[in-house]
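Visitor: Residues or ranges marked as domain 'Phosphomannose isomerase type I catalytic' by TrEMBL: 2-150. Sequence annotations record features per position, and here TrEMBL assigns Zn(2+) binding site to Gln97, His99, Glu134, His263. Annotated active site per TrEMBL: Arg282, in sequence order.
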Amino acid sequence: MIYKLTGALQHYVWGGQNYIPQLLNIPSKENQHYAEWWLGTHSSAPSVIEIGDKALSLTEFLQQNPTALGEKSREIFGEGLPYLLKILDVAKPLSIQLHPTKRQAEIGFAKENAAGIDLKDPKRTYKDNNHKPEMMIALSDFWLLHGFKKKEKILATLAERSSLAPLAEKLRNQDCHSFYADVMQADQTQLSQWLAPIIKQNHEAYAANELGLENPDYWLRYSMEAMDISPEKLDAGLVCFYLFNIVHLKKGEGIYQEEGIPHAYLRGQNIELMACSDNVIRGGLTPKYVDIPELLKVMDCHEVEPQIIPAASHDVRVFTYSTPAKDFALQNIQYECGETHHLKIQSAGILMVMKGQLNLHSETTALSLKQGESAFITSGSSYEIEGLSEGYAVVAKLP
């Protein structure tokens, strides 16, 4: 069975104002931020499914129709949809963050519940008891931070800037956890000693757009401007531009974020698919609460060589992106006008039309969907996609 599905908007202040409304073909309100579009059952923003002339939350539908998830999904992940599909428009940098393992999330969630910390409390770290591995596919040129660079690269980056040379010496004599803890807990005097000379030195080059985007000095200046960070109130997360990999993804390319890997989205639009969780442990670049002990407990400090997920080939019309995730997989389905694809899904799936228009047929139902519209496909369904104009859709499902 196939049902029309409508997601939920999230209006976080780092979001852009036009991209998501244009993708969804909805009017945008002046001075409103459209940061994310969620498709799934997360309790913060469940999607709505249409059944005839009635509408109910996807969560309620699955409670009433648990077999729609599929036997494998229920066996491994229980009675909920195991993944969450999102569209993001990153106009300002997001906080540096990482996500816990399943076990860490279960322990942390239970501990905060026992302590009586409300789920909406700013000092609450664990919003649920699930892990949150995630993948993303760039919908534009996309820039992000992803994991610690190789130690020799960090040392070289620090040594190139005289004000950061003391940090290089510090890193030579400390393990990564202790080093990062000291950086995150540095006071304003110390942060100013490290960063103020770089800020001053690059003032004219940044204003003249002469700094390359692979240069951490650019992102230091850009983040201060975009996030309204003053030189008198520096954020310790700004130092991370000199410690982490700065990754550039071209449109169509992607990356997988394992548990414990520090990362931050800096600029661009993407499709994001993750385990159904909202557990975020922040590590800087944020005015919000940073739980240093928990951050260091979950942080994976090993050196990371970013593994870019290749873009879907135009010759492979039905393409599944490769990741190690067990909770989700993302399929890219391309079509021309009149082109058809016959598919079968073993788990519950969410399809979203990213470009163009298509007809979606199953044995019992038919839908016509255009760019920005979505459908929920029940487990075991055989279905056909017929392109009405050139474009592509994505399908979130189990691997």
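In case you wondered, yes, glycine gets a Cβ from its N, Cα and C as well.
Just so you know, TrEMBL annotations are computer predictions that nobody has curated.
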Visitor: From the Cα of Arg282 (active site) across to the Cα of Glu134 (Zn(2+) binding site), what is the distance in angstrom?
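Guide: One finds 16 Å between the Cα atoms of these residues.
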Visitor: To the nearest whole angstrom, what is the C-alpha distance linking His99 (Zn(2+) binding site) and the residue listed as 'active site'?
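Guide: That comes out at 9 Å between the alpha carbons.
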Visitor: For His99 (Zn(2+) binding site), which of the three DSSP-derived states applies: helix, strand, or coil?
Guide: coil
Visitor: Once Gln97, His99, Glu134, His263 are set aside, which residues in the chain still have Cβ within 8 Å of the Cβ centroid of the Zn(2+) site?
Guide: Leu98, Lys132, Gln257, Ile261, Pro262, Val280
Visitor: Are there residues of the same chain, six or more positions away from Arg282 (active site), whose CB falls under 8 angstroms from its CB, and which are they?
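Guide: In sequence order, Ser95, Ile96, Gln97, Lys288, Tyr289, Val290, Asp291, Leu295 meet the Cβ cut-off.
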Visitor: Tell me, roughly as an integer, the mean pLDDT over the domain 'Phosphomannose isomerase type I catalytic' (2-150).
Guide: 96
Visitor: Excluding near sequence neighbours, so keeping only residues 6 or more apart in the same chain, what lies with its CB under 8 A of His263 (Zn(2+) binding site)?
Guide: Ile96, Gln97, Leu98, Leu144, Leu145, His146, Gly147, Phe244, Gln257
Visitor: For the domain 'Phosphomannose isomerase type I catalytic' (2-150), what does DSSP give as the number of helix, strand and coil residues?
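Guide: Secondary-structure breakdown of the domain 'Phosphomannose isomerase type I catalytic' (2-150): 37 helix, 45 strand, 67 coil.
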Visitor: Over all shown protein chains, what is the count of other CB atoms within 10 A of the CB belonging to His99 (Zn(2+) binding site)?
Guide: 26
Visitor: Taking 10 A as the limit, how many CB atoms besides its own sit near the CB of Gln97 (Zn(2+) binding site)?
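Guide: For Gln97 (Zn(2+) binding site), the 10 Å Cβ neighbour count is 22.
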Visitor: At a 10 Å cut-off from the C-beta of Glu134 (Zn(2+) binding site), count the other C-beta atoms across all protein chains.
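Guide: Cβ-Cβ neighbours of Glu134 (Zn(2+) binding site) within 10 Å number 24.
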